[in-house]
Amino acid sequence: ILLLCVSGMRAEPARYSVPEEAERGSFVANIAKDLGLTGEELLARQARLVPEGEKQYFQLNQHTGDLVVREQMDREELCGQSEPCLVRFEVLLESPLQSFRAEVRLTDINDHAPVFLNKEMVLKIPESAMPGIRFLLESAHDPDVGNNSLQHYSIGSNEYFRVYTQRRSDGRMYAELVLDRALDREQKAEVAFSLTAVDGGTPPRSGTALIRVVVLDINDNMPVFTQSLYKVSIMENSSQDAIVAVVTASDLDSGTNGEIVYSIFQNSEENLQTFKINPETGQIRLKKPLDYEEKKTYEIDVQATDGGGLSTHCKVEVQVKDVNDNAPEVIITSLTSSLSEAAPPNTVVALFNVRDRDSGDNGRTTCELTGEQPFRITLLAADAYALVTSETLDREQVEEYNVTVRARDEGSPALSVSKTLFVRLLDVNDNAPTFTQAIYTMVMSENEPAGRSLGRLRATDPDAGENARVRYSLVPPPTGTLAAASFVSVDAESGTVRSLRPLDYEKVRAFEVTVRAADGGSPPLSAQAVLRVVVRDENDNAPVLLHPAPDSSAAGELVPRWAPSGFLVAKVVAVDADAGQNAWLSYELAKATEPGLFRVGLHSGEVRTARAVTERDAARQRLIVLVRDRGQPPRSATATLTVALVDDFSDAFHQLGHDPASREQPQVAEEEMLTTYLIASLCCVSSLFLLSVLVLTANTLCKARARAELSPPSPSCYADGDFASDGVGGTGTLSPAYRYEMYLTSGSGRSEFRFLRPVLP
């Protein structure tokens, strides 16, 4: 891009010309043709004009490439007497960014006639003036330049004078009146004639003034200046009323004829507005401040007149010296205020020119950037610069820049100016979201209802806008693994984690899912974190007895009567499916026949004698042991033990009430009662069976007797022909093509018969 900009900036500007006062819309040139572009390319590249000043005098037709006049221009108003009069501008193209300099010269037209500031001039000439003496006349003013400016003077016919046209060093014309014939006041006291100033235009224009020559009596000595040409210089920053020069003239006459009065001769209105002279001392002073950039040289005609009316002239040439009174100007021609953070180095941000109205070292400028920023300045052409990026940009570190361009001249003291350019970086999705933790651990209670919030995930993205909008989701687990994603859900916007269903700690104690945070960029960037959910156990399981078995009747244990204190009677074993404190079990004796005889270990579940067994203790003891966990609220189970106190083990079965055949599984009295119930039930079932057989036999005999009393059925009932029984014959209502199946109920002699369905052939 930079190479394109450099190649596009032409070292020599394109030059055109147009007459001043040209009408709006007047054709100047076809810029597209000069640039080698078509109108479509100009339109596509958004060609536009950037004036050097504040006012735009031309406009560009993007469709045709024609440069036309936008506003009428007066050359004299824009440039005064300066020549050439140039209007400069730049043609700016985009995609790629290019700049072309151009200048249009305003050619002068003869739209002004010469004008005398005084329409009547009075000259006092003594009658003793010798032929050939010259008198300076006031100059006419013509703002046109070149051939259209004032070219020569002429006077009306008379017998005493002729006029010569002279050229000053700055090119302006002035008139000198030459005496051809001696004057005689007694013959003619006053001579009058016209002075005509003519320019070189086509057609020529002219201006006229009247000259009156008053013939004076003899004053034979004229004032004489010490110098015919005074050359002085003055600084442009000199204060008002500062002395410019002092001119001195002397007159040999005496009295009033020797008294000299100084005056500035009317040769330029600008001189009269800028300088003044003391008529007595000849001191020339400033009436207003000077400006080297507006005018560098002044030529003043000073006239010294004595009391007798004789006068002489001298020239004062004033050179204005430049001082560094103008700071440089930074003119922005193109600015990209919004720049992508992905822009590579050397991307053009702005084009600008630096201009200083001073001259010499005072007008030479340098350009620099203040502060440490990722930009630099590249020189494209004389006083034309480009602001480009010097390194890669990162919006997340610095979102916007205030780039200060400082232009400094080489004057003494140096003057400088600063211009601040605002550059905002546009975001690119170059940062993935970041979780605040790599692993999130959350806790949910066992059997917790669905929809309960477990916590919140949080991921941040340093990008902006949609690129920083983070959405959360669960990563689907691999096929064949635990579907942990069905246990919880993650809110896409807030990252809140919620349970989807109650969980059982005894089945799922903890699980992990992978969570993804993706931004809204294109393409989106994402990050992952692990969500570990720990299920907190609740006391939802009561202790389960392993010994004695919970579904058996009271277990029997034998204790000899000689057993001492601490004798191990039995051990109650229980487990709890819960975990932690909810699974810590304690044992205690809830109920006993003799509470003081036995004790239970709090944590071991061992049942031991609390004292020695005595003869007074009952031979049969019943113990209920309570097993309790430490959950909130606690859950419990009970175990029942039957203990027999025996002298020896031969009478153990008698004490417990069991048959020797069932020694392996001792039964209590309730089991004997169950056997009795089973025998009674078997007898009842057998009786019902015998009764059913008898009823079935009797039913069969009754049917046989009923069939014997009825007449035998006719074989034709089941034939394909007509029925031969009573009431149904060949003339009956039934068609011989049908037969019907008939069924009779068994048992009663009053059985009915019914036609169920026809049997079709």
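Cβ from N, Cα, C; glycine included.
What TrEMBL says about this protein:
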DOMAIN    10-116  domain 'Cadherin'
DOMAIN    117-225  domain 'Cadherin'
DOMAIN    226-330  domain 'Cadherin'
DOMAIN    331-435  domain 'Cadherin'
DOMAIN    436-545  domain 'Cadherin'
DOMAIN    559-662  domain 'Cadherin'
TRANSMEM  674-697  transmembrane segment
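Residue counts of the domain 'Cadherin' (117-225) by helix, strand and coil are 3 helix, 55 strand, 51 coil (DSSP-based). Taking DSSP states H, G and I as helix and E and B as strand, the domain 'Cadherin' (331-435) has 4 helix, 57 strand, 44 coil. Residues belonging to the domain 'Cadherin' (226-330) score a mean pLDDT of 90 in the model.
For the domain 'Cadherin' (436-545), residue counts in helix, strand and coil come to 7 helix, 46 strand, 57 coil, using DSSP.
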